[in-house]
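**Student:** I have a structure here, written as structure tokens, and I will follow up with some questions on it.
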Amino acid sequence: MQRKEGVLRPVRGKRIVAILAAGGLTLAAAACGEAPEESGSTGSSTAAAAAYKACMVTDLGGIDDKSFNASAWAGLQAAKTEAPNVDPKYVASSSEADYEPGLRGFVSQGCNFILAVGGLMGDVTTKVAKDSPKSQFGIVDSSSGNTNVYPMQFATHQAAFLAGYLAAGYSKSGKVATYGGMKIPPVTIFMDGFADGVAQYNKAKGKDVKVLGWDKAAQNGSFADSFIDQSKGKSIADTLVGQGADVIMPVAGGTGLGTAQVAKDSNGKLAVIWVDQDGCTSAAQYCDVFLSTVVKNIEDAVKQAVVKGAKGEALAASPGYLGTLENDGVSLAEFHDFDSKVDPALKAELDKLKADIIAGTVKVESANAPK
Amino acid sequence: MKRFWSANNFTLTALSMIMAVVIGAVLIIISDSTVLAKFAYFTARPSDAVSASWLLVSTAYADLLKGAIGDPAVFSAWFSGEATWQQAFAPISETLTYAAPLVFTGLSVALAFRGGLFNIGAQGQAVLGCIAAGIAGFTFGLPIVLNLIVAVVAGVLGGALWGFIPGLLKARTGAHEVITTIMLNYTAGLFLAWLVIQQGIQAPGRSDAISKAVAESAQLPSPGGVLRVHLGIVLAVLTTAGVAWLLNKSAFGFEIRAVGANPHAAKTAGISVAKTYVLLMAVAGGLAGFGGATQVLGTAHALTPSVAGNIGFDGLLVALLGRNRPWGTLFAALLFGALRAGGNRMQSFSGISLELVTVLQALIVLFIAAPALVKAIFRLRASRATGLGASLAKG
């Protein structure tokens, strides 16, 4: 090894010079742009004077999961347009062990609003909030006994109920399916609502549309055990399609993209109902396979909370925020490419059903609903 | 000075770190679009790009240090009574918290390596240690101190079992330990994922994958609050001393080194190579299991599918960086712990991705594993005192 080096040295020296020269030339060519005016930077310092630091800790999905964390982050950035003193930042967690350091890091940084995204962070948020009574926390999809934690929860089963009804009405095979990323209440609440929506359709039409992947009574079904593993989403979708499903609702963040890919490859035989953020904006490349989306308006909830906080208003831990069909915290998105394929009569029934749920004449219940 | 500027271990390690930091700085600049935009008009006004880059890189690395060792601003706040001493020592506590399990897994890999075995299975052994320690921690309900001891011993035994299997397979059938330990890593990980959702293990009232919490009496004592550091780091130092003694002073240690240097010669000299392999893998597994136990009893306090994180695989890097020596491994683990703790702050304060820390760790190890590269770049003279190539070439 050592002998070789000696032989190589002189040649290598020249080679490095050559590489540097070549690199330098390309850089120089790329660096000839015009310098901007000097004055641009003074404006921002006044806004930063009373900055409201809104800091977010993602869960394992990461910041660009096209769903859950992405919505919350979009909410922080949307808040910035309404209240310019909002200064959003985030840390991504790569394992459960990162939640606590992430939250504590923001406490010591003096963040004005610390957002924990996800029910999995419930316990650790409660613990850190107890140790840091002066900081204001917020949590999505969980509640906490602490007065300094602002809970943002969603009656997602209401919107998922509509999705179940839609899926049952759209399905030609008489079999629809759903699966979850992980067996936690914020996920299974979608599946409960979906199953009930299908049951409602069967009752109203005297049909027998089957739900694969979730048994509401037994609270058991298919789970990917991941919110990021697309190949898992693909294999689960293949299994469900093999069993005859032609509409699938994956409640699994990025894992669901694998299912969308299966739908894309099926040439229209399989339709997907997306969740959280409207699929046609968050995963636009698959827009042509999304029948609709069960929207959980995390973005709006987070935005409202942060804007409120930035204006100096108090965020009351009780009652916190509960998104429903009534306040548009949850909804069924547009049909986009499927608009012409959904029967107008079915659309009318969905509108009626939505009004009935808001009015309380149709009750949607789930053991996983936030209390 | 001349002697210092030669290819000894210390100089090489230091230079490797410097190289990693320099490349890391370039990556930081490249990954920041606003600073990168300033390079577009570099020829027109270079000061913009240079000062922005300098500001970005210096704050990032300052945050790395502040998060790993301590923030001077918090210390002065403490002296003036505005912050508590806990806050001032929180960064160093984070470093030690992250380092503790890595010391054990690093020792596990290092010890096996000295006996000529490449223990890729530290991850699986640590997972088994997590499982055994966790279950013992919430099952027995023994009185204080005793409960902790039982849980730790259970963790060590769990890991030892997972090391014993490949050791036995190697001794009896000649199955290569790299293959068997890698396979056992998968087995351990999937076993854990299955186990935590079983009745009796899963936390009551939870539908997600998390076990019951370890009883308070079985947790490693910790100051609590922002100070997450626990007794595990003390145990880690003691264990390092124990492993150093075992390796250098005991008869078994001599056998390990003899077998590691040349199994055929060792056999001729009357050492049972098979017995040494089995025992060595069991001890190495026990060390990794100890690491898993500190993770569960010290920081996590409950089993989840990813409770062991990456401590086993990081242990490989730690052992490599510590050049398979016990004390070297301890310091390497502290360095990795510091990078992790500092990385958290760097991500939180400067908005630089935590992945960069992983890249830094990888670069440091890469340069150390390729000493010829560093020697060539810095034109170091070869040193007679150390056998650098020899200690790593086998890996």
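From the backbone N, Cα and C atoms, a Cβ is placed for every residue, glycine too.
Feature table excerpt (TrEMBL):
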- B:12-31: transmembrane segment (TRANSMEM)
- B:95-113: transmembrane segment (TRANSMEM)
- B:125-142: transmembrane segment (TRANSMEM)
- B:148-169: transmembrane segment (TRANSMEM)
- B:178-197: transmembrane segment (TRANSMEM)
- B:229-247: transmembrane segment (TRANSMEM)
- B:277-296: transmembrane segment (TRANSMEM)
- B:349-374: transmembrane segment (TRANSMEM)
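Are these features on the surface or tucked inside, and what touches them?
**Tutor:** For the transmembrane segment (B:125-142), the list of distant contacts is 101, 104-105, 108, 150-152, 154-163, 185, 188-189, 191-192, 195, 201, 211-215, 217-219, 284-286, 288-293, 295-297, 300, 302-303, 307-308, 311-312, 315: same-chain residues at least six beyond its ends, Cβ to Cβ under 8 Å.
Note on the transmembrane segment (B:148-169): residues 108, 117, 119, 121, 124-137, 140, 142, 175, 177, 180-181, 184, 188, 214, 217-220, 235, 277-293, 296-297 of its chain, located 6 or more positions outside it, place their CB under 8 angstroms from a CB of the stretch.
If one looks beyond the transmembrane segment (B:277-296) by at least 6 residues along the same chain, the residues whose Cβ comes under 8 Å of a Cβ in the stretch are 100-105, 107-109, 111-112, 115, 117, 119, 121-123, 125-134, 137, 151-152, 154-164, 166-168, 170-171, 177, 214, 220, 230, 232, 235-236, 239, 243, 246, 252, 256, 259, 302-303, 307-309, 311-312, 315.
Beyond its flanks by at least six residues, the transmembrane segment (B:349-374) meets 7, 12-13, 15-17, 19-21, 23-24, 27-28, 31, 56, 59-60, 63-64, 67, 314, 317, 320-321, 336, 339-340, 342-343, 380, 388-389, 392, 395 of its own chain at Cβ-Cβ distances under 8 Å.
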**Student:** Which residues of the same chain, at least 6 past either end of the transmembrane segment (B:95-113), have a Cβ under 8 Å from a Cβ in it?
**Tutor:** 68-69, 119, 122-123, 125-126, 159, 163, 228-230, 232-233, 235-237, 239-240, 243, 246-247, 256, 260, 280-281, 283-288, 290-292, 294-295, 298-299, 311-312, 314-316, 318-320, 322, 324-326, 328-330, 332-334, 336-338, 340-342, 395
